[in-house]
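Now, the feature entries from TrEMBL:
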TRANSMEM  B:20-42  transmembrane segment
TRANSMEM  B:54-87  transmembrane segment
TRANSMEM  B:99-122  transmembrane segment
TRANSMEM  B:129-146  transmembrane segment
TRANSMEM  B:178-197  transmembrane segment
TRANSMEM  B:218-247  transmembrane segment
TRANSMEM  B:253-273  transmembrane segment
TRANSMEM  B:280-299  transmembrane segment
TRANSMEM  B:305-325  transmembrane segment
Amino acid sequence: MRMHRRTLLALAVFTGLTAPSMALAADDTIKIGLLATFEGPFTVLGEDGERGAMTAVAEMNGTVAGKKIEIVKGSSDASPDSAVRAARKLVEQDGVKVLVGPLSGDEGIAVKDYAKTQPNVTFINGTSAAQDTTLRDPAENFFRFSTDGAQWMAGLGTYAFNDKGYKKVATVAEDYSFPYTQVFGFMAEFCKAGGHVPSKSWVPIGNKDFSSVIAAIPEDVDAIYVALGGADAVNFLTQYQQGGGSAPLIGGSITVDQTVLTSKGKLKDVLKGTPSAGPTADTNDAPAWKAFVEAYKKQPGAFPSPSLFAHGYYVDMKATLLGLDQVGGDVSDGGKKLRDALSKLSFDTPTGKVSLDKNRNAIADIFLTEVTEGADGNLMNKLVKVVPQVNQTLGIPEDEFMKLGAVNRDNPSCP
Amino acid sequence: MSLAITTNVTPQQNWLERLGAGHIILAVALMLYPLVASDFFLTQIGGYSLIFGMLGLSLMLLAGYGGMVSLAQITVAGISAYAIAILGNNNSNILGFGWPWWLAVPFAVLAAALASALIGWVSVRTEGIYTIMITLAIATATYYFAQQNYAIFNGHSGYTGIRAPAFWGIGWRDARPFYYLCLGLAVLSYAAVLYGSRSTFGMTLQAIRDNPRRMRALGYHVTAHKVFAWLLAGVIAGLAGVLLVWFNGRVSPGTIGVDAAIDVLIIAVIGGLRHPIGPFLGAVVVVLMQTFAIDIVGAERFNTLIGMVFLVIVFVSPDGILGLWGRIKPHLAQESLRPGQ
């Protein structure tokens, strides 16, 4: 009888599964899925993304079109598989009709592919910024009100070459689609201006030991372009400094972000004066930005200044809520009205006007910055210049831009 | 590692008796499960649990009967998953030979089995914790290799757009067919392991586990037996890999990362290594926890909750859920204290 008893337990467990909790949202609430990295190497980034999204929700006092907003969270570990799994759970089990997320590049591409199989659900990006999420083979129901990683680099390549006088730059970046996009955006301008990039190092996400990468950087470069995020950036910069490296740095958008600038240690001296570009600048004087920073700081655990993840999730969540407001919170038609409203949506964010192109990718202002020490000793990104209304093709005509080819490790190249 | 294997072999039973009431009830319940479950519970919980149950089963075969704890089972599954992507169709514009499924699947499983045998051949020279170390090293190395190799593995993004086949007028990735496909293969693997454990080979393997020196002295080829066990475990893990890639529609290094490797070990340990049903129980618990913990405690601490639950299970019963059942059973039914039937 041993087998019998044992299998009975299995039976009990399985019958437990047969009661799916398809809790349908009541009429007076509207469910929005929030997908971010709450585990893995990008946890800090994901948590700040959540703060940004919640800032937008708080701005609307937690209601939209008279309905209460219910946020259902999903977590990924920055791998595309986990992002799709979390998205599936939010859509198929929790029944959300609107989903905001994900956070990182390849996740965005994977969720876009998943979006194609769920035409009645509206997907709004978080901060994922790979070019091909919207540029090639886009999904009809995937919207990105935050810009992509190449757009974020607008102005930086020219600035590094002309103003900083760097002629030869080595790059160190993580090995996936978002850093490819960033390096592409930087090199598009830098190479055009006459600069050279003799060496590109690609490191896996979550790399701990950068000694071989540091050893491979040529001696005679004028600067190192670093596009690493979160813990990876801190690890690389610390080891580079300990290894006696002294070349000036050029920062990718998330490398000199608040998630890295606030880290403890001796990084301050290394980072000071690093030029970078991105969708935000900490010392932006615009009243709308200052108001946003104040609102953001009310969130628990907030940084001294919102990171670009807080900003991206805020902009995307805000767009979502504005869209929902326009249609009276009604997504009963499979979200068709909502998607029409979102496509036409143009609104003022803390960082200027945002509108969408035909691929549903944002056109927005980009900020050229430089790291400085603030009065309170915190590192900040000082605003150098605003590059107005950058589109996804970086101002290059679309057919010419497409000829540059898809971004990858080897494209572009100017050794 | 000494684990008692319960074998109730009684001569002269008809096949129904040999199957046992428990198995029949369980089979019927699993067959009828789609009638009550939503699509999400059918594939994301049911199918996924069965796939990871099979992975746990391949580990249970090695660890329970052979005394070899492997952390490389997900790597073996990954090899067949990547093989399906490379031999069949994908939309990543890399490789993709376009073979039909009935050709690609056997090759993928064969590749996985051979890879598993190779891993086994390398690691049978070690014992205990060193086997764990060497298989962990293999799993990690494969993960990083896949992450950085673009010619074969397509780097971090891996392969996308891999479709399950459609034949006999059925799309095998639709919720219900996919569940039955997983169930069919899981039952097949389960029965094979159960049968194999009582076969001459299974008995010999268990004897080798308990005393390899004596078996060697008796004239058995210890290494060959162990490597063959790896080959069999590789077939099961390979089948699970095929299901996994059809389930996700994609495969990337994240699928075969160290986290996933440890998940498989957790599944086997939580479930219990004494009987082939253990890994499936473990898989159900782990998949349910990983899916729903975030709803219970929120996004910040849900991994802590998952860890605590696993800790409690192992603390209360070192033999996992199976051991837990073995412990409460005597209180429930006195007759089970008597040996045999």
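Placed from the backbone N, Cα and C atoms, the Cβ positions cover glycine too.
The shown structure was predicted, so the numbers you read here are calculated from the model rather than taken from an experiment.
Through the fold, the transmembrane segment (B:218-247) approaches residues 43, 47-48, 50-52, 54-55, 57-59, 61-62, 65-66, 68, 70, 73-74, 76-82, 84-85, 105, 108-117, 119-121, 124, 162-164, 172-173, 178, 181-182, 185, 189, 192-193, 196, 201, 204-205, 207-208, 212, 255 of its own chain, all at least 6 residues removed from its boundaries and within a Cβ separation under 8 Å. Same-chain neighbours of the transmembrane segment (B:20-42): 175-176, 178-180, 183, 187, counting only residues six or more beyond its ends whose CB sits under 8 Å from a CB of the stretch. Stretch with the largest number of CB pairs closer than 8 A to the transmembrane segment (B:253-273), among B:54-87, B:99-122, B:280-299: B:54-87. Most Cβ pairs under 8 A with the transmembrane segment (B:99-122) among the ranges B:54-87, B:129-146, B:305-325 are made by B:54-87.
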